[in-house]
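*Asks:* Here it is, the structure in full.
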Ligand SMILES: O=P(O)(O)OC[C@H]1O[C@](O)(CO)[C@@H](O)[C@@H]1O
């Protein structure tokens with residue numbers, strides 16, 4: 001079977017070939033540091049060999065829990081934020097019919113809704129109102145078990161589920177994915193007797209999509225988690241290669257780091273299929289939280305083309321030359337649709353008659369690549385044979401491994417996220433959370449100035 005492929009040809013006018021070759025040694029050293037666990041953040045390397053360590057029994061347990069939710073719920077609310085949310089959403093949206101949520105019949109698949117990733121009163125009001133006449137269940141996902149956004153949504157959902165469906169049924173349709181011992185989500189799950197799954201200590205949130213964090217919701221949505229893991233396993237093998245040009249993760253990490261050194265401070269991840277929107281969001285957290293520290297790091301951003309060519313296209317073509325693009329390109333779409341001919345040809349589009357829509361999309365993709373490269377934007381190209389579980393598994397591991405290598409090339413700890421605490425500390429102080437008395441006083445004094 002083919003694998004995803006990386007092409008860096010369209011960056012070579014922007015970086016010297018010998019410079020890239022000089023990464024061979026550095027990348028090998030980073031890979032060794034990851035393997036030996038001798039680098040920064042080495043207590044969070046559980047993702048490195050995660051795909052190949054997932055057992056059939058573990059997948060069977062996940063599928064059994066998913067089946068219980070599928071049989072007992074029309075709607076399943078997945079509560080989580082950041083790494084406890086984006087991976088599942090990325091995969092589910094990439095695989096779902098774009099209009100599935102509008103269809104009456106869903107072939108036994110419950111509608112998946114996400115919550116716990118914002119504190120919007122309107123969102124939560126509208127969600128709880130929508131759920132009023134629904135047989136719904138909840139997957140409560142939080143590694144720390146204490147994240148405010150998720151905990152707040154879960155309290156509302158738990159109460160509503162118990163009131164609507166009774167305590168007994170609620171116990172059956174609420175599942176927790178959290179730490180083995182710590183945190184409020186664990187305490188509640190144990191006390192209420194919920195089915196629960198453990199997020200391994202050594203897997204950080206943004207690297208956790210192949211743990212129950214991602215696998216359970218994906219299975220509930222009706223997708224094949226065995227294939228997802230199989231794709232990731234394949235990339236685990238491919239990306240173990242110590243040869244820069246035979247290891248796409250290593251080559252991607254090296255190329256983007258060299259571009260960064262050449263002043264390309266922003267990476268734009270590009271798709272030409274809107275279903276990949278959340279995959280890009282997942283990638284942004286992966287690289288943003290991993291590399292954006294010590295006042296360093298490429299700023300990860302994303303666009304959905306061709307939609308955003310009509311909004312951000314101008315900036316990308318002619319704005320400050322501090323950007324490069326990485327295109328995730330789907331070789332063959334899952335459906336076929338031909339453009340019809342029209343006798344009157346009032347819209348002048350008969351030159352497209354008989355062509356597949358994808359042919360037009362691909363020409364837009366190629367035309368954009370050429371234009372952006374001409375405009376001074378280096379272009380990396382990740383080619384994906386087709387959009388399915390297997391190749392999403394490959395993509396996930398490819399980017400995770402690249403992120404580990406890239407973080408070490410940048411000489412940061414890619415596995416912590418100390419900066420995220422700053423807003424939380426202020427929010428707790430402003431809300432007078434017990435334990436934050438001193439901070440509350442200080443912040444109030446600051447606001448009075
Ligand atoms: O799974 P948790 O502990 O709720 O955390 C969710 C997300 O919040 C962060 O810790 C940042 O606050 C992310 O790193 C993480 O993915």
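Along the chain as shown, the residues are counted starting at 1.
A Cβ is built for glycine as well, from the same backbone N, Cα and C atoms used for every other residue.
Because TrEMBL annotations are produced automatically, they should be read as predictions rather than curated entries.
Straight from TrEMBL, here's the annotation block:
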- 289: active site, proton donor (ACT_SITE)
- 424: active site (ACT_SITE)
*Asks:* Cα distance, residue 289 (active site, proton donor) to residue 424 (active site), nearest Å?
*Replies:* 15
*Asks:* Where among the active-site residues 289, 424 do you find the Cβ with the fewest other Cβ atoms within 10 Å?
*Replies:* 424
*Asks:* Going by DSSP, is the residue listed as 'active site' sitting in a helix, a strand, or coil?
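*Replies:* It is helical.
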*Asks:* When DSSP states are folded down to helix, strand and coil, where does the residue listed as 'active site, proton donor' land?
*Replies:* helix
